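Below is one structure; the comments refer to it alone.
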Amino acid sequence: MITADLFAEANQLQCEQILPEVFLLRSFALQMAPQILNQLDLIAAQSPFRRMQTPGGFFMSAAITNCGDVGWHSDRQGYRYSEIDPQTEQAWPVMPECFRELAETAARQSGFSRFSPDVCLINRYEVGAKMGLHQDKDEKDFSQPIVSVSLGLPIVFQFGGPKRNDPVQRIPLQHGDVIVWGGAARRYYHGVLTLKPGQHPLTGSYRYNLTFRQAR
Ligand code: MD3
Ligand code: FE
């Protein structure tokens, strides 16, 4: 059983408040990373990573899959959450209990005691992949935070404000880092810069990002 105390002890928890309701928990997922990556292999065997098409007809450079009650999906028709993976025509893989516990513990430590994610969206970046500035607005309740877990190669995360052309701040994210995004910042534009080449002992040439959300 993983408790908040164990996380804090094992990781000598460093928590940095970036904005009023945004917390960066450096190395919070470090101890659990091998277990998370094992689970990711099982999830991807059931619902493979795929590059999704956008309504504009382009393909995202990150490959995506999901686990949970619903999954986020994009195609020419738009962005949405659905109970069925349109590629497999089956339910998305079940969210592993250790995922839920990690996300809820991080949220609770950041002041979000009622967070109960129904989806974990998983991005896989290969060298050269990026994610342009965007807002996450397909979820129902914006008072709930998003919990992000970075694994593998480092990347530079950038976030601005509520308007696309607001000035951006950049934060390097490393293997094991967790961010809890709530409050007004939940609606801020954000993205990641291009993944640089490298080798990580646990993920090789990839970076993974898990985002836990309450979509419905
Ligand atoms: C700020 N993922 O999946 S995670 C995404 O590293 C996404 O893969 C990035 O943006 C990644 O939608 C960034 C950190 C994050 C996640 C959600 C946010 C920051 C956020 C929602 C609102 C504001
Ligand atoms: Fe996002």
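Heads up, the Cβ atoms here are built off N, Cα and C, so glycines get one too.
Sequence annotations record features per position, and here TrEMBL assigns substrate binding site to Trp72, Tyr79, Arg80, Tyr81, Asp138, Arg164. Sequence annotations record features per position, and here TrEMBL assigns domain 'Fe2OG dioxygenase' to 116-216. The 2-oxoglutarate binding site feature in TrEMBL is assigned to Asn123, Arg124, Tyr125, Arg207, Tyr208, Asn209, Leu210, Thr211, Phe212, Arg213. According to TrEMBL, the Fe cation binding site annotation covers His134, Asp136, His190.
What TrEMBL annotates, mapped onto the structure for a quick look.
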residue: Trp72; record: substrate binding site; Cβ neighbours (10 Å): 24
residue: Tyr79; record: substrate binding site; Cβ neighbours (10 Å): 15
residue: Tyr81; record: substrate binding site; Cβ neighbours (10 Å): 21
residue: Asn123; record: 2-oxoglutarate binding site; Cβ neighbours (10 Å): 21
residue: Tyr125; record: 2-oxoglutarate binding site; Cβ neighbours (10 Å): 23
residue: His134; record: Fe cation binding site; Cβ neighbours (10 Å): 11
residue: Asp136; record: Fe cation binding site; Cβ neighbours (10 Å): 18
residue: Tyr208; record: 2-oxoglutarate binding site; Cβ neighbours (10 Å): 24
residue: Leu210; record: 2-oxoglutarate binding site; Cβ neighbours (10 Å): 23
residue: Phe212; record: 2-oxoglutarate binding site; Cβ neighbours (10 Å): 28
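DSSP states for the domain 'Fe2OG dioxygenase' (116-216), grouped as helix (H, G, I), strand (E, B) and coil, give 5 helix, 44 strand, 52 coil. The predicted model assigns the domain 'Fe2OG dioxygenase' (116-216) a mean pLDDT of 98. In this structure, the CA atom of Tyr79 (substrate binding site) is 18 Å away from the CA atom of Leu210 (2-oxoglutarate binding site). Sorted by the number of other CB atoms within 10 A, the binding-site residues Arg80, Arg164, His190 start with Arg164, the lowest. Close to ligand 1, meaning a Cβ under 6 Å from one of its atoms, are these of the binding-site residues Asn123, Tyr125, His190: Asn123, His190.
Here Tyr81 (substrate binding site) is positioned 17 angstrom away from His134 (Fe cation binding site), judged by their C-alpha atoms.
In this structure, the CA atom of Arg80 (substrate binding site) is 21 Å away from the CA atom of Tyr125 (2-oxoglutarate binding site). Highlighted here would be the binding-site residues (Arg80, Tyr81, Tyr125, Asp138, Tyr208, Leu210) whose C-beta falls below 6 Å from ligand 2, but none qualifies. Listed in chain order, the extra residues whose Cβ falls within 8 Å of the Cβ center of the Fe cation site residues His134, Asp136, His190 are Met131, Leu133, Gln135, Tyr188, Tyr189, Gly191. A strand conformation is recorded for Arg80 (substrate binding site) in the three-state DSSP classification. A Cα-Cα distance of 12 Å separates Tyr81 (substrate binding site) from Asp136 (Fe cation binding site).
Distance noted between the C-alpha atoms of Arg164 (substrate binding site) and Phe212 (2-oxoglutarate binding site) is 23 Å.
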